[in-house]
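Reviewing the structure listed below.
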Amino acid sequence: MRMTVVKHVMLTLICGTLSWGVQINTLAYASAIKSEDGFDMDEDGVYGDDIQDYINAAYTHERPFIQDKSKHKMETYTQSLLHTDLETDSQISRERGNYINAQELGDGNNEHVDLVNRTMTKNVLMKHGHRNFMDASILYKSVHGITHLHAHQRPTEVSVAENQQLLLKVHIPQENEHTYTERWSFLPAAPCKLTPPSIQQVCIKHGACIHDVVVDVDCIAESMEHTLVEIGYVVHASKAVHPTWTVVNITEDFANYGFDTPDVKPGVLKFEHMNAHHAGVYIWNLQGTHGENMYVTFLVKLNNSIENHIDLPAVTPKPKGAEFHTWHYHSHVFSVGETFSLPMHLQYKIHDTPFDLLLEWLYVPINPTCQPMRLYSACVYHETVPSCLSPENPECTFASPHIARRVANTVYQNCEHVNYTADCLAVSHVEPGSGLEIQNGGSALLFVNAAESMSGLYVFIIHFNGHVETVAYTVVSTIENFVNAIEEHGFPPEIHNVPSPSSPNVTANNDVISETNTFPFKTYAGITGGFAVLALVCLALALVCTKRKFGHRSYWSDKAAYGQSTYYAGVPVDDFEDDTEVEVDEGAECGGSGYTVYIDKRTR
């Protein structure tokens, strides 16, 4: 059982995992042939015996012989298998074993492998239902190159009242004459009094989440996983024998926990009297001599009001916002006078409608002496951080978008369709004289008769409802001026010795004012001070009036970009410092963020 510590709050026990311990990326050379006439069908209509014979025989023959024959004989077997029903467990087990063993002989023909696996899956599911679903899945998953089959299931939560019986039970495999070893491990909850273990949704990445047992990182050192009991047994071939298994060994380790000896048999762990010491995480692991490897996890809680406990179905929260992913090249070399396209291939899922979308292209020239150029993507999300506005070595740095050139952008406002490029109105703008054109709804740039001066670092930014969602970049240059570019995820070093605009340089005056000249000076200072106070009061009143009219955010306007319409882009602010109430004029919309795209509808 592998554990991973999650930052600050959790340790994830990756559980409910089924791994058969065999690599079946390709099930090759199962078509090792007996004769040019193909395989001999047995009485059940299955060619398994012939295949197994020649899989075994292949170890004593030259591999090229097997490879040459398999290419044109595999089809005979697979086409026949399409019309063959696997009626019994023994046939299914035998066929699966044949193909698992076959993988050791080579890479095989993937097209035929696909056909065999889909046929096996169909037969198993139709004839044997849920119990053999994993048998079928193993064959199907192999087609897609999955080395191990991991079946993530939600851990089971068990609440038991004090002094009541605690029974944990798992369905065990019934493969005839197979030997299995089971291990029950225990992670006590007692050391985690403030934050006991719980079942939570754990996300490996956006949209890829599983339910797992989460243990607070602060109590991991005190609450370690220990083996409680280990049991080995053999499954009998005849179901007439009861029980259908024989225990061959059992080891126990309960002394450290003060447990009474439980009732243990294959797939079962039972305590007669539940108490606080029994609460925690129980992990059942089964390993077999044929590569089986299964995990099941239980979260056991002490509940003094078990009669009032109601298991509610898990509620998966509805995804919000949007997801954008880009595929692109990080460099493009061109010749002067060439016309070419610079695309950003987008894959996206939009969960909230209506929405505002801004696709913009920014540009900074490249300096051939910079090796490399550096893009600080954190500055795209935090445009006004001082080190982003005044980065060290600015000629070789892309930091805040405020100090870059916006060469093109496309705006989709109040769009109610997920397919925004086809169903929503777009407003695009390209910097005049740039030699650029917008393509693919704003996600690509067309360079027309590209000049040397168009070489630069082009940064593509997607804003969804005013928030930056994706940042991508490409260096476009001639071969003579090519430089590499790398993305840094922190903030750039700030340039040193930059005079602050709010602190002008003042030269000290060492002249001494005589006592006789102090009266005119005081009079002048009093008059000047009075005017200054009056000016400050007027300025404060003007700011209050302006704030009430336009809200607490400032906006810049570029009427030339859209003709009669006015395009507004939010000036970023610190949301933690500015918590005043937003007032928006009637007829306009604001997304409520320092990075919000804001378009006045009345001017459209």
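Yeah, the Cβs are placed from backbone N, Cα and C, and that goes for glycine too.
In Swiss-Prot this protein carries:
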SIGNAL    1-24  signal peptide
TOPO_DOM  25-526  topological domain 'Virion surface'
CARBOHYD  ASN117  N-linked glycosylation site
REGION    192-219  region 'Interaction with gI'
CARBOHYD  ASN249  N-linked glycosylation site
CARBOHYD  ASN303  N-linked glycosylation site
DISULFID  CYS370-CYS396  disulfide bond
DISULFID  CYS379-CYS388  disulfide bond
DISULFID  CYS415-CYS424  disulfide bond
CARBOHYD  ASN419  N-linked glycosylation site
CARBOHYD  ASN505  N-linked glycosylation site
TRANSMEM  527-544  transmembrane segment
MOTIF     568-571  motif 'Internalization motif'
REGION    574-586  region 'Acidic'
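CYS415 (disulfide bond) and CYS379 (disulfide bond) have their C-alpha atoms 28 Å apart, to the nearest angstrom. Within the group of disulfide-bonded residues (CYS370, CYS379, CYS388), the Cβ with the highest number of other Cβ atoms inside 10 Å belongs to CYS379. The least crowded of the glycosylation sites ASN303, ASN419, judged by other CB atoms within 10 A of its own CB, is ASN419. With a 10 A radius on its CB, CYS415 (disulfide bond) counts 20 other CB atoms from all the protein chains.
Between CYS370 (disulfide bond) and CYS379 (disulfide bond), the C-alpha separation comes to 20 Å. For the pair ASN419 (N-linked glycosylation site) and CYS396 (disulfide bond), the Cα-Cα distance reads 38 Å. A distance of 34 Å separates the Cα atom of CYS388 (disulfide bond) from that of CYS424 (disulfide bond). Between the alpha carbons (Cα) of CYS379 (disulfide bond) and ASN303 (N-linked glycosylation site) lies a span of roughly 50 Å. A C-beta separation below 8 Å, combined with a sequence spacing of at least six in one chain, links CYS424 (disulfide bond) to TYR412, CYS415, GLU416, HIS417.
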